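Worksheet: one structure, shown below.
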């Protein structure tokens with residue numbers, strides 16, 4: 001989230017963009033969804049998943065409309081700059097020319113109707129990659145910009161804490177099982193405690209923290225440097241992810257087909273809705289990365305239809321993954337990281353496949369952690385940046401990376417409850433990024449567009465949900481979710 005206009009990059013077709021967006025949305029959250037489904041009940045989970053997916057689609061169209069409006073503003077400013085330069089070149093005009101110039105200046109104060117008639121469609125073409133931070137600075141006031149960065153930073157901290165916990169948890173589960181009496185893999189029927197022994201005198205929690213320390217030492221230093229994910233690394237991790245998902249779905253279907261399915265999920269259990277909601281919101285998170293995905297698409301003529309198709313496919317995939325999981329495994333045996341349910345001999349006979357699935361999150365998450373850390377560091381720098389100012393070397397190279405790295409590692413040190421981490425991150429910061437920010441962006445950009453270009457201007461990428469009712473509905477849903485989750489957590493804590 002650099003907060004500025006960046007290079008568009010190499011263009012790609014709409015269908016390639018569809019694949020990129022699918023890969024962006026379907027990530028770590030999908031691995032925690034089966035357990036959340038089993039806890040909340042299959043009917044409640046299905047209804048909430050579809051509704052959250054629909055709301056995410058609505059706000060995605062909001063964000064795309066705001067991107068088009070931002071492009072129009074930037075394009076109009078460039079046109080204004082060129083006109084001013086032309087005016088300076090014609091400073092020796094005659095009296096009649098001056099009169100014409102006076103008429104022109106008066107016309108400039110009115111909405112640009114001539115521009116609307118000539119090229120209003122092209123005016124809103126999305127060609128410049130305007131990041132969310134830049135859009136916030138264009139349409140929000142100073143308080144709004146600061147709240148935007150606070151929300152983004154909180155979400156990225158949650159992301160890093162989830163990643164920092166997921167890798168050591170996977171390593172602990174696999175290696176403790178292999179080194180113990182059950183050398184055949186993770187025993188999901190056994191109820192392990194953090195105080196159970198793993199290696200000799202070392203408890204499971206000790207092994208987890210050792211892995212966390214190794215993870216921090218190996219990947220933490222990247223926070224102090226600039227790093228980006230190469231195309232080939234992205235292709236490799238994407239292939240690993242889809243191979244893993246395909247194996248899990250096929251194996252679960254085979255077990256169910258053979259009559260070995262152990263799952264009997266309830267229809268509804270409202271006590272599990274809080275975690276499910278956070279997981280669902282987290283699993284549809286993409287709005288903060290839309291400028292990087294949408295802008296390079298070569299033809300955006302039917303982009304809204306493609307987005308709808310993408311969301312339908314993602315819903316189908318989440319449903320397939322979660323329903324095969326909850327009917328294949330008992331609810332109390334489903335683990336926070338669904339991949340660990342397949343690290344058992346009775347589920348997967350081939351040792352190589354067991355280790356691949358058990359350690360799959362380690363490889364994919366480890367490649368993402370430095371990227372997110374650098375993004376968070378840059379957001380901190382942007383938040384405190386002042387025009388024309390520079391940071392001292394110590395602040396730039398030591399302080400910002402340190403405040404980026406330390407908090408999520410401390411959170412991961414204190415807890416490795418991945419389902420709760422995902423739920424809290426999604427329910428709070430995720431609600432802000434996915435609902436509140438796009439809703440305010442589209443509302444304010446519409447007002448700004450009307451003031452600048454006139455009330456008859458039509459944004460070619462405007463959302464199908466163009467009525468103000470939808471903005472109010474999204475905000476009402478967001479604040480209702482926020483208060484519901486907060487009340488649930490408070491009531492749960494007071495009962496302990």
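Just so it is clear, glycine is given a Cβ too, placed from its N, Cα and C backbone atoms.
Predicted, not measured: the structure shown is a model, and the values here were computed from it.
When the topology recorded in Swiss-Prot is consulted, residue 10 and residue 226 turn out to share a side of the membrane. Annotated range for transmembrane segment in Swiss-Prot, selecting from 377-397, 398-418: 398-418.
Between 181, 193, Swiss-Prot assigns N-linked glycosylation site to 193; no such entry appears for the others, which is not proof they lack it. Long-range Cβ contacts of the transmembrane segment (147-167) within its own chain (Cβ-Cβ under 8 Å, at least 6 residues beyond either end) map to 1, 3, 28, 132-133, 136, 140, 211-212, 215-216, 285, 288, 337, 361-362, 365-366, 368-369, 372-373, 375-376, 379-380, 382-383, 404, 407-409, 411-412, 415-416, 418, 421-422, 424-425, 428-430, 432-433, 436-437. By the count of Cβ pairs under 8 Å, the stretch nearest in packing to the transmembrane segment (422-442) among 37-57, 234-254, 307-327, 355-375, 471-491 is 471-491.
The transmembrane segment (471-491) and the transmembrane segment (266-286) are in contact, since at least 3 Cβ pairs between them lie under 8 Å (pairs 6 or more apart in sequence). As a quick check, the transmembrane segment (266-286) and the transmembrane segment (398-418) miss the bar of 3 or more Cβ pairs under 8 A, pairs 6 or more apart, so the two do not touch. Between the transmembrane segment (398-418) and the transmembrane segment (234-254), the number of CB pairs under 8 angstroms, six or more residues apart, is fewer than three, so the stretches are not in contact.
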